[in-house]
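Taken from TrEMBL as is:
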DOMAIN    A:21-116  domain 'Cytochrome oxidase subunit II transmembrane region profile'
DOMAIN    A:117-254  domain 'Cytochrome oxidase subunit II copper A binding'
SIGNAL    A:1-23  signal peptide
TRANSMEM  A:47-67  transmembrane segment
TRANSMEM  A:88-110  transmembrane segment
Amino acid sequence: MSVQALRAGALATAVTAPSSALAEWGVNLPEGVTSISNTIYDIHMWVFWICVVIGVGVFLAILWSVLAYRHSKGAKPAHFHENTTVEIIWTVIPFLILIMMAIPATGTLVDMYDTSDAEMEIKVTGYQWRWQYEYMDEDISFFSSPDTPRDAEKNLMEKTGDYKYSVDNPLVLPVDTKIRFLITSNDVIHSWWVPEFGWKQDAIPGFINKNWAKIEEPGTYYGLCAELCGQGHSDMPIEVKAVPKDEYREWVAEQTGEDG
Amino acid sequence: MSAVADAHAADHHDHGPAKGIGRWLFTTNHKDIGTMYLVFSFAMFIAGGAMAMIIRAELFQPGLQMVEPAFFNQMTTMHGLVMIFGAVMPAFVGLANWMIPLMVGAPDMALPRMNNWSFWLLVTGSLILMSTLFMDGGAPNFGWTAYAPLSTTYGPDSTTFFIFSVHILGISSIMGAINVIATIINMRAPGMTLMKMPMFVWTWLITAFLLIAVLPVLAGAVTMLLMDIHFGTAFFDAAGGGDPVLYQHIFWFFGHPEVYILILPAFGIISQIIPTFSRKPLFGYTSMVYATAAIAILSFLVWSHHMFTVGLPLPGELFFMYATMIIAVPTGVKIFNWITTMFRGSISFETPMLFAIGFVVLFTVGGLSGVMLAIAPADFQYHDTYFVVAHFHYVLIPGAIYGIFASVYYWLPKWSGRMYSEALGKAHFWLSFIGLNIAFFPMHFLGLAGMPRRYADYPIQFANFNQVSTIGAFLFGASQLLLVFIVYRAVKSGPKADAKPWEGAEGLEWTVPSPAPYHTFEQPPRVD
């Protein structure tokens, strides 16, 4: 399959798919659609720019040294080899910079761990190789399995924009609702990750991990399993359909009606 | 010095190497054993590199072109194991064998017979590990970290052989470490106090203590896997009252110091080479020693930063975040000291120096992405993505591998008595440098954009950077074959090297002739 065909496939889905799935030259984290993911993005950029400044400083110092003190240009070596003052300075200043990073990081972490006052709960269970979603407050439970055609993997047919992302039953969630996720596994360790929500959380057999999201924008958000779980590791995608609250109520009624 | 050696040689007539294969099988000579370690580790480097090429070839395009995911997972696992236990660690032991006696003025390692045994155990353990590739059910496929229960209940039959090979490689490394410590503590030349030791000796001393501290922990972890698999225990099986996360805690209590085992000797090498080619003493020797020790001690306190997403309690998460961030301080001190050593020096750019400067530049990139990864809330995004793959390849290749390359070029004249081709050495450096950056820099982007690691196939949004990365990886891989040619040509027909081929070099190893005679320092030199 040619690269052009792949690109064409990606472009074809431009109207329906979220922007992140199209960023073929994407270089950065998504800002995400929850307040936590926005904060994480801000910390990421804050730390990133500090690192860039430090890195540029270090590289300029190296560049200056190798350009200005070349043996081939007849540079005579100095003989200094110790200076306690500068050693103290370059121990203390990095320490202060680290504190500037640690303060916002601590606050965000505390918020991420606050799973209290959730308005609804979803239990996510990892299986080799699919996810099970249980709506703890409703009588809804289903498996979400990958449905990328084998022929596309084998390069026998065109790959579409949702290649390796599409599932048979997406997880449907309401927006503007604090949702607590209870994450566990039935076999090996998996990890449930939707980048637009800002976190991944390991799904561990015998243990229930908690995390939460309050989605602010309706849309379709994709994710992938992020912990090696066997040969189908790259075959257990996540698709979340975030819908307005009333639409969500309709969907729930439809599901429970069918079941009952 | 040579006069002393000659006079001594007159008393004995059996001091040359034995003839034939027996020389290599039964040798207790630190130089022969060092050479064997270096050659063996390079063979493993090529084997592990070939696995990396299979991984990158499969990832050149989305879809499954070359291999099935089951085999792909065996390749990622074996690539990691072979590179860590077969290539980098043995290469450093080889350098320790060759150089520590020469640098401290000792006639040999303190425990020469054990030295022979630890090498042949390395070969045995490595062959057992490689043999798993040919077993029914295939090689280990659960990642080099071997997380339970993927490696226990769900592991292939070859897991048992993997466990035994780790035991044997661990015993080999512990014996090597004991030998290094015994040599450094007991066999330094008169006058060489601890704070006069070359940095390479210092960093290896600290590394050896790390090895002795953590390899038994790894042995314990894999033995518990063994018992879960065969003896019905449930250390890591929640259904039997065990805890899969316990395995990760034990593994990373080994695993994080292990990361420093892979880098500290390279720090030492760089601290030898930069002063030589800057013609200026190492800046801040004392603070370098303390910084190395601080990094080693801190390495025992940060293991859970590999596990930020397993559901640690909040206080644990905060502790491991702060502790990890603090490691940036002594690491920064080392970087600043190296740069200040170059500052106002008289720098020339022979191949060892190019690799050393490449080390400082690229290790800084890896160190800074390490700081980003230490930020726990952001790590909930970074964790287990290609951002992590980019990070650890930026510390391990420019760190460990460049350190080893630099030392091969630096000490090859001493080992072989011949000079390598400077033009070819420089070509090797530039091809490696360009290839490495094309291969691994785009992985930062892939990870941030959302590509998890250990994926045999991926959504098409990741296609472009994966393609770029594969091209760089093949360039990097192919340019390593150049090193084989350079070393072969130098040893066969390179121009003769002086006892001290580098104008600015300091240290006892340059006081003996090149090539270093089979026996050196039979009478200890005096150090003032």
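Including glycine, each Cβ sits where the backbone N, Cα and C put it.
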Residue counts (helix, strand, coil, in that order) that DSSP gives for the domain 'Cytochrome oxidase subunit II transmembrane region profile' (A:21-116): 68 helix, 1 strand, 27 coil
DSSP helix/strand/coil residue counts for the domain 'Cytochrome oxidase subunit II copper A binding' (A:117-254): 20 helix, 63 strand, 55 coil
Mean per-residue pLDDT computed across the domain 'Cytochrome oxidase subunit II copper A binding' (A:117-254): 96
